[in-house]
Amino acid sequence: MAEQGAADLGNNNNNKPEASEGTIIKVTVKTPKDKEEIAIAEDASVTQFKEEISKRFKAKQDQLVLIFAGKILKDGDSLSQHGIKDGLTVHLVIKTAHNTSASSSTSNQGGNSTTSSPAANPITSLSHRLSPAGGFGDLASLAGLGMGSANFMELQQQMQRQLMSNPEMLSQIMENPLVQNMMSNPDLMRQMIMANPQMQQLMERNPEISHMLNNPELMRQTMELARNPAMMQEMMRNQDRALSNLESIPGGYNALRRMYTDIQEPMFSAAREQFGNNPFSALGGNSDSGAQPSRTENREPLPNPWGPPNSSNPSESGGGTTGSTSTSGATNPSVSNPLGVNPGSMFNSPGMQSLLQQISENPQLMQNMLSAPYMRSMMQSLAQNPELASQVMMNNPLFAGNPQLQEQFRSQLPIFLQQMQNPEALSVMANPRAMQALMQIQQGLQTLQTEAPGLMPSLMTSGIPGVPTGGAVPAENPASSPRNGTVRDHTHILKLPPYQTPEVRFQTQLDQLNAMGFINREANLQALIATGGDINAAIERLLGSQPS
Amino acid sequence: MAVQQHKFFRLLEELEEGQKGGGDGTVSWGLADDDDMMLTHWNGMIIGPAKTVYEGRIYSLKVDCGHRYPEYPPMVRFVNKINLTGVNSSTGAVDLKSVSALSRWKNSYNIKMVLQELRQHMMMKENSRLSQPPEGQVYSN
């Protein structure tokens, strides 16, 4: 036995017990998350056992609570006293107040001032001195703080600075019992927020915020968020994603910006003053997240916020401006769509429509819109859901009041949508000059329509749904258009969502031309298109261009 | 006599399981007194579930398996003060009927289950947010 002891003493291996008198027994130490087998002397004391455990689980000894057979093992006891023998299991709880599951291998926060940054210390001392309910009101005890700063505001600022630079410290602070106590009390939080005069102003200006604050569910969620950095990240990611979606809608950016300046900024500065961290960044963008985010990171792909199901009631949109927060549409906000944006209603809103007009005036905007990666998937979902697309299109101002047009357009939708996905078409749209040309042609067509309505009945229907519908691409089944590249562009333009391909439309004329001896089908078609189906004019064109 | 033996072995099994750390580490149980030959007096321990007001606390209980156990449920009493429906606020005695899973006792139920179900009970909406007395207080009997 003594030899064993000597050998053991010389050995730094963690597996060997320190006090090595008596036989070694192997005891399993089990936490809800983890399990380790620890070898310890049979007659060791609980303290010694805890020393071993502290090493293995990387936790402080005084945080360890050992339970065996329903009893808490006190330091002064011995293992044998409790009947702990080889092969038995002891339960371990690592007390990091509010962290019930003993996180063995994960880093142990517990608010202990293990960091060197001075700001951490006040928190720990605070936890000993202040009662949670007192919040930060009890300045007297601050006198004992290591920082030597009697001014609490200064303290806070320093803390903030530290926090900003050291994210790990943030998580430490979060773990701290005082902070957590505070945060788990929604009433307290609300009081603190409201106490800030800036916030009060903000609340007056934006009743939504006060509504948000008064919603205990939301507060609780936010606080849980703040506590759980992984969840926090997830939320932020969702939010960023949703924001970027919004940004990609023309006008959405403006709305976003408005939202930010009205709400977020003052809120941020107010919140920053008080807390120095960003649990409220989520709050700021997240008015009324009704859904319960899960605690764990959501590894499923985010649902497509532009997905079809939301469009079921665009007429109910009532949702004033685009991108507005919880007041928009009837959609329930979900985690991935925190602003409760209902894409269907967004398109229908007057704001959107005016923006569509703006787009037509500003090709650059169009380009921006298109370049947003999300546009593509939106197109796809539009393509997949003709109903949504039709609703979107129907409410376009150009269509309003022209049911015939709508009908035609509706029937053309599938083709149209496919065309939208044609990258070439998209690149045309992205080209501002092309867009301008498109505009001009459209205007020309319109003039023509008013001047000579009988002349081009078909062109009228196809020409009008132009660019402003947010993507009225030169949509044409490429097979039917002439192969010539440059000409194709023009013909594409002219054939803006056609309800019939020119070939079909001009079938009779084509036949006639063929009968007359004009055998160049392509040239015929071009001519017919250029003249809008007027055979005589087409013949003249053909004669003019053809050498014979 | 055979019935008694049966009960005894049954309790013995529970004892063994308790010592081997049965369950998922959130409850623990064992004989209160090693000399207790009748295996009637037991200690139980429940670790307060996360995301409730009980989080971070360790609750000690006394479980008395009378001579009618396991046909009849044991008497369970909290040692640490707790605010939980079904628990007598002055004595800590647990009314098992208020715990839905235990309200209809079966003889296949055991101490582990009692403790686990009590823990589940803590997680129920009506309980998970009840304000709790400060840690460390015990019932005085």
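Easy rule for this one: first residue shown is 1, then count along the chain.
The backbone N, Cα and C atoms fix where each Cβ goes, glycine too.
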Original post:
According to TrEMBL, which stretch among A:1-20, A:481-500 corresponds to the feature region 'Disordered'?
Top reply: A:1-20
Original post:
Quick one: mean pLDDT on the domain 'Ubiquitin-like' (A:25-95)?
Top reply: 88
Subject >> Residues of the domain 'UBA' (A:500-545) by DSSP state, where helix covers H, G and I >> reply: 36 helix, 0 strand, 10 coil
